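Copied from TrEMBL, the annotated features are:
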| type | residues | note |
| --- | --- | --- |
| SIGNAL | 1-15 | signal peptide |
| BINDING | Asp59, Asp313, His317, Asp354, His355, His430 | Zn(2+) binding site |
| BINDING | Asp59, His170, Thr172 | Mg(2+) binding site |
| ACT_SITE | Ser109 | active site, phosphoserine intermediate |
Amino acid sequence: MKALFILLLAQLCSASLVPEREKDPEYWRRQAQETLRNALRLQRLNQNVAKNLILFLGDGMGVSTVTAARILKGQLQHGQGEESLLEMDKFPFVALAKTYNTNAQVPDSAGTATAYLCGVKANEGTLGVSAGVTRDRCNTTKGQEVTSILRWAKEAGKAVGIVTTTRVTHATPSAAYAHSANRDWYSDGEMPPDALEGGCKDIARQLVENIPDIEVILGGGRKYMYPKNVTDVEYPHEEKHRGTRLDGRNLVQAWKEAKPHGKAAEYVWRRRELLALNLSRVDFLLGESLHPRVPWHQLGCRAVPGSAGGRIDHGHHEGKAKQALHEAVELDRAIGLATRLTSSHDTLSVVTADHSHVFTFGGYTPRGNPIFGLAPMQSDVDRKPFTSILYGNGPGYKIVAGERENVSAVDFAHADYQAQSAVPLRQETHGGEDVAVFARGPMAHLLHGVHEQNYIPHAMAYAACIGSNRGHCNAAPRPATPLLLPALGLLLLLLLC
């Protein structure tokens, strides 16, 4: 009875939260008619050749994360939240992508990255190779390498870039340039003897050697670029930050030496160096922080357009929804900036995720309920309150005195709060449902309905007339508008985890 009373009270209170304009049926009719007019305009399809391609990848940004981030964004702007719009919400074309790996119903970030970057589905844990490769088995790799849309762009004479808020050797960005039977082979120091003896290369080495003319690389994880026990420039007295390479190579120096004579190659590792750059005089840029998980937006990454949502995934794995959702809002800010810097006339922008998480929010919350707040009711089983946000599994599972923890006794709004989960795990898992694909610009209408995830780079390549499918390109109109980065020519910019 008490729970029912609380629910009824919440419903009464929520009635007062309805904006006056929304009580008028004409408000909703006008809104629907405006949406209809915008939809009818889309009949005039944009079939230009895409001069620029931008792929925004929110790692772990499932549909429930997108919705919750939308509400958070609105509430950060002092609104109720539900009526808010993310920048990706404004993209006119939306599809769903099926994320399974060839050997996994619920995927990982390596197999999915191979799909949406290389156009081929692959096994869990493998990078830039076909499903003929078995994880950890170096000897299955030869002849099974598959190339990415980044390489297709380079072969077409385009400039390309990778920007990430995690390490540049992490599974998601590294599928753009690497071929590996194991996503965790960051340097040769992380590889088993049989893989080294078999001639397989670590991912950091492949970053430098496989496509040496990537114009922009920004991310974290610099210790994989330096010889074992070399002290870190920022933390010289901390052993855990020292280099990991067994081959004795300095890959940053190797990266510089691989550049053509007369070309300016700049390496930066701190904010002031990045902001001091004159991009019109830079041909190649490598920026690596120490930490494998880097909030690049705090380091001035908007000198290059935007920052990525790599830490959405990290926040969810730790059961820390507040961190995950704030990262998603930050990703959306980057999308907005890129939208303002480019034109849909000649730039195809795609926003998607590699996979989802077992993250949800519910509990019959009233309009405007704080996204990190409590549901307006107690459990009718254990008579305890619960937060709207919950996980299917993860580290938030807690039993106190033989019962579910009473969340009213903890600070559930804290950034490090781990939302309750149904199953105890040290790390929360990915989810298996489809993820959204938002598209804007030339040929964006090719992303529609429900697709296999590996379709995404094929559609993007078709739009830009790169890769193997170019029979339609001779007759297509070619726009001539300013470049995304004046120093770099045409840019394919992958903003990833």
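Glycine is treated like the rest: Cβ placed from N, Cα and C.
TrEMBL: automatically predicted annotations, no manual curation.
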Of His170, His430, which of the binding-site residues has the most Cβ neighbours inside 10 Å? His170
Specify the count of other C-beta atoms within 10 Å of the C-beta of Ser109 (active site, phosphoserine intermediate). 28
Of Asp313, Asp354, the binding-site residues given in the record, which has the fewest other CB atoms within 10 A of its CB? Asp313
Excluding its own, the Cβ atoms lying within 10 Å of the Cβ of Thr172 (Mg(2+) binding site) add up to 29
Those binding-site residues, out of Asp59, Asp313, Asp354, that come within 10 angstroms of Thr172 (Mg(2+) binding site) at the Cα: Asp59, Asp354
Just to be sure I understand the packing, how many Cβ atoms besides its own are within 10 Å of the Cβ of Asp59 (Zn(2+) binding site)? 32
In angstrom units, rounded to an integer, how far apart are the Cα atoms of Asp313 (Zn(2+) binding site) and His170 (Mg(2+) binding site)? 12
Cα-Cα, whole number of Å: Asp354 (Zn(2+) binding site) versus His170 (Mg(2+) binding site)? 13
Distance between His170 (Mg(2+) binding site) and Asp59 (Zn(2+) binding site) at the Cα atoms, whole Å? 11
